[in-house]
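These come from TrEMBL:
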| type | residues | note |
| --- | --- | --- |
| DOMAIN | 98-241 | domain 'Palmitoyltransferase DHHC' |
| TRANSMEM | 25-47 | transmembrane segment |
| TRANSMEM | 53-73 | transmembrane segment |
| TRANSMEM | 147-167 | transmembrane segment |
| TRANSMEM | 201-225 | transmembrane segment |
Amino acid sequence: MNFLSTFVTFENLHEVRRLCHWGPVIALSVIAICSTMAILDSIIWYWPLDTTGGSINFIMLINWTVLILYNYFNAMFVGPGYIPLGWKPENHQDAQFLQYCRVCQGYKSPRSHHCRKCNRCVMKMDHHCPWINNCCGHTNHAYFTSFLLLAPLGCSHAAIIFIMTMYTQLYERISFGWSTVKIDMSAVRQVQPLMPFSVPAFAATLFALGLALGTTIAVGMLFFIQMKVILRNKTSIESWIEEKAKDRIQHYQTGEDFIFPYDLGSRWLNFKQVFTWSGTPKGDGLEWPVHPKCHQYTLTIEQLKQKADKRVRSVQYRAVEEYNGACCPLNKGLQTFFRTPCTEEPRIPLSKGDTILATRGTKWWMYGDKVLSEEQMRAGERIRGWFPRRCVEKCHYDTAASDSTSDKKVN
């Protein structure tokens, strides 16, 4: 009991709740189905005790499963690393270069962002991944990327086993006619496997093959996307910030020369910022090595400029219809129902007379911040999300910029 108590703490038990989510349930189910069927089909196709090749094949299967689960659970439970609540820079004058998070009651350090799902500011946040029900960030980026590499490799191996098992088991049972192909699953094979290959076994193997091939393609694409940003020492969010920086400079013709500060100029050096032999990434998640022509707050200053530009470009709307915040409202028209944004971003309920500052949108939906009372703003509240376009009308008497000057460097 003493041994277990060193590992099982209240925080550990709290983290186990992350498994109670559709993402981990689906991911672990796919891993379990593919691994179990691959092991069973290996016994049918390539009995591991008869040959050296069979033994190596079986050991590799077990090895893939262990490595995939090890990196998956580390990505989930180690977590991305969070900025301490109420954090402030050591030099108080540097606070002018940082955004303030009202939820965490502290400043966001360079490369950190607030996650609405985790409700914390995350170190070097890349994205919130529903498959691990956690953010991908500073401390678990290597584990997450390793999982993205190992899952397609393991599924590719499993897919080969599924194909070879079906081929060898059906070869002597298929008969070809002039216009038909018949498969006699009751036919007796010359060499009987240790386990029978029946119709349910065939169906289960075919289903597992589909899962394995789908996982190989989908997760493999995610791996190449992650490696692309890692080799440039970026995150997915920072790639988007860099694109917006170039658009802002081109739009206003400022003549600035924006240099991404965290690209160290070498893919190998960038790679080593994430992957280390110990598994722990370099740095404390608060300060970072930067390009010689940049400093610690180059990117945060650019973010502040983009925030100011966003406030200037936002458009003020007033709600003219009630909206209860439903994801797919049935009473707002078929187009609104079927064209709902495919995102986990929240929807905001509206009452007649509410004022919203819209920053982006589609033909049927808009995204923006609801204008709150002074008491709500002092309490740190912020309500933003999607709402149907038909529920609002544009205000022609005022601009959003004049109403948003008091919104200083917030979430």
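Glycine residues also receive a Cβ, built from the backbone N, Cα and C atoms like all the rest.
Panel annotation: around the transmembrane segment (53-73), residues 27-28, 31, 35, 38-39, 42, 46-47, 132, 143-144, 146-147, 150-151, 153-154, 157-158, 161 of the same chain, lying at least six beyond its termini, place a Cβ under 8 Å from a Cβ of the stretch. Same-chain residues lying 6+ beyond the ends of the transmembrane segment (25-47) with a Cβ under 8 Å from its Cβ atoms: 19, 53-54, 57-58, 61-62, 64-65, 68-69, 72, 131-132, 151, 154-155, 157-158, 161-162, 164-165, 168-169, 193-195, 197, 201, 204-205, 207-208, 211-212, 215. Across the domain 'Palmitoyltransferase DHHC' (98-241), DSSP helix (H, G, I), strand (E, B) and coil residues number 71 helix, 22 strand, 51 coil. Computed over the domain 'Palmitoyltransferase DHHC' (98-241), the whole-number mean pLDDT of the model equals 87.
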